[in-house]
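Record features (Swiss-Prot):
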type     : residues                  : note
SITE     : 19                        : site 'Transition state stabilizer'
ACT_SITE : 24                        : active site, proton acceptor
BINDING  : 76, 82, 89, 103, 104, 113 : substrate binding site
ACT_SITE : 102                       : active site, proton donor
């Protein structure tokens, strides 16, 4: 059972609530994180949420997870899902189980968004469920 969950949010997710709400919903990132923190507390696990627009910063945070007691990672790498071998390699290097989450259904989007550099390494993929997808991932992580 995971005791400490790290939730990573990639580029442009800091704009949630105002960025294309028809795709990503009307909740802000702060509201999503607050809901996840509340859920984690109810489940008896720790949760840290972190966001960056910068690929290198995400890689460094993934690497830091190796030393900070993180048992499980939930990641929405956003655009880096489709472009970043560096994020993939960092996740592979730390060998911490992770779930890939996307607010929108990647398979109803442009063809370039339908490829993920992360999915084959992930324990699972949740997409198209909006903020509920993060909650499903937290529930799973808390049990494994």
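Quick reminder: no glycine exception, Cβ is built from N, Cα and C everywhere.
As the structure is a computational prediction, the values presented were derived from the model and not from experiment.
Location within the structure of each feature annotated in Swiss-Prot.
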| residue | record | DSSP class |
| --- | --- | --- |
| 19 | site 'Transition state stabilizer' | coil |
| 24 | active site, proton acceptor | helix |
| 76 | substrate binding site | strand |
| 82 | substrate binding site | helix |
| 89 | substrate binding site | helix |
| 102 | active site, proton donor | strand |
| 113 | substrate binding site | helix |
Got a sec? Which of these recorded positions, 82, 102, 113, has the most Cβ atoms within 10 Å? 102
Closest by Cα to residue 113 (substrate binding site), out of the recorded positions 19, 24, 102, is 102
Among 19, 24, 102, these being the recorded positions, pick the one whose CA is nearest to that of residue 76 (substrate binding site). 102
Checking the recorded positions 82, 89, 102 against the residue listed as 'active site, proton acceptor' with a 10 Å Cα-Cα cut-off, in sequence order, leaves 102
Out of the binding-site residues 76, 104, the residue with the smallest number of other Cβ atoms within 10 Å is 104
Rounded to the nearest angstrom, how far is the Cα of residue 102 (active site, proton donor) from the Cα of residue 82 (substrate binding site)? 12
Would you give the longest CA-CA distance, in whole angstrom, between residues of 76, 82, 89, 103, 104, 113, the set recorded as binding substrate? 24
At a 10 Å cut-off from the C-beta of residue 19 (site 'Transition state stabilizer'), count the other C-beta atoms across all protein chains. 12
